[in-house]
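**Q** Below are the C-alpha cells for one structure; questions will follow.
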Amino acid sequence: MNWSGLESLLSGVNKYSTAFGRIWLSMVFVFRVLVFVVAAQRVWGDESKDFVCNTKQPGCTNVCYDFIFPISHIRLWALQLIFVTCPSLMVMAHVKFREGKNQKYVEQHNGSHLYANPGKKRGGLWWTYLLSLVFKAGFDAAFLYILYRIYHGYDLPKLSKCSLDPCPNTVDCFISRPTEKKIFMLFMVVSSAVCILMCLLEMVYLICKRIIKVAKVRNKKHFPDLPSIQI
C-alpha cells in the first residue's frame with residue numbers, strides 16, 4: 001500500500017481543518033499508520049506460520065486457524081485506515097469544485113471572484129466537512145465493533161480449543177507472541193477511540209461556532225445599534 005500518497009492527500013486536507021482536525025491527522029499518522037507499518041506488520045507477520053496445534057492430523061491446523069482468525073488483524077486494520085481516510089476525499093473534491101467554479105467566474109466577470117476563499121468552510125462546504133467527520137467517526141466505530149464481534153472482545157488467549165473436522169478430538173492451539181500482539185491490538189483500539197473522540201469534539205466545535213455566528217447575525221439584524229460582542 002502506498003502510504004506516502006495517502007499522507008500527501010491528507011496533508012492537503014489539513015489546511016482546511018480546525019485544531020481538532022489537525023490533532024486527528026497527527027493521531028492517524030503517528031499512532032496508527034506509523035505503528036502499523038513499522039511494528040504491527042512485523043509482529044503479526046508470522047501468525048499463520050507459527051500457529052500450531054497439538055495434533056498431526058492433516059488439515060486440522062488450517063481449519064482451526066481459519067476458525068480462530070476468520071480475518072487477519074493486519075488486513076482489517078489496513079481496511080479500516082483506508083475507510084477512515086477516504087471521507088477526506090469528499091472535502092478535497094468539494095474544494096477543487098469550488099476552485100474550478102471560481103476560476104470560470106473570474107474569467108467571465110473580468111476578475112471578480114465568486115468565492116473570496118474557496119477553502120473557507122461556508123455553505124455547502126461546511127456541510128461536506130461535517131459529513132466527512134460523521135463518516136470518519138462512524139467507520140472507526142464500525143470497525144471497532146467488527147473486531148469486537150469477530151474475536152469476542154479485545155483479547156488474545158494464549159491457548160485456544162478447537163474441535164472442528166477433520167480434527168480427531170478437541171485439540172489445543174497456540175499463537176506466537178500472544179502478549180505482544182494483545183498490546184498492539186489494544187494500542188490500535190485506544191488510538192481508534194481517541195480519533196473518534198477528536199471527530200466528535202470537532203463536530204461539536206463546528207456546530208457551536210455556527211450557532212453562535214447565526215445568533216450574532218440575527219441579533220445584529222434585529223438590534224443594529226447594539227455593540228457586537230467578541231466571543
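Just so you know, glycine gets a Cβ as well, placed from its N, Cα and C.
Quick paste of what TrEMBL says about this protein:
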| type | residues | note |
| --- | --- | --- |
| DOMAIN | 42-75 | domain 'Connexin N-terminal' |
| DOMAIN | 139-206 | domain 'Connexin cysteine-rich' |
| TRANSMEM | 21-40 | transmembrane segment |
| TRANSMEM | 76-95 | transmembrane segment |
| TRANSMEM | 126-148 | transmembrane segment |
| TRANSMEM | 183-208 | transmembrane segment |
**Q** For the domain 'Connexin cysteine-rich' (139-206), jot down how many residues DSSP puts in helix, in strand and in coil.
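**A** Summed over the domain 'Connexin cysteine-rich' (139-206), the classes give 42 helix, 8 strand, 18 coil.
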**Q** So what's near the transmembrane segment (183-208) in sequence-distant terms, Cβ-Cβ under 8 Å and 6+ beyond its ends?
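**A** Tertiary neighbours of the transmembrane segment (183-208) are 17-18, 20-21, 23-24, 27-28, 31-32, 35-36, 39-40, 43-44, 73, 77, 80, 84, 121, 126, 129-130, 133-134, 136-137, 140-141, 143-144, 147, 154, 156.
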**Q** Would you kindly list the residues that approach the domain 'Connexin N-terminal' (42-75) from elsewhere in its chain, counting only those six or more residues past its ends and only Cβ-Cβ distances under 8 Å?
**A** 36, 147, 150, 160, 162, 164-168, 171-177, 180-181, 184-185
**Q** Find the average pLDDT over the domain 'Connexin cysteine-rich' (139-206) in the predicted model and report it.
**A** 90
**Q** What are the DSSP helix, strand and coil residue counts for the domain 'Connexin N-terminal' (42-75)?
**A** 15 helix, 2 strand, 17 coil
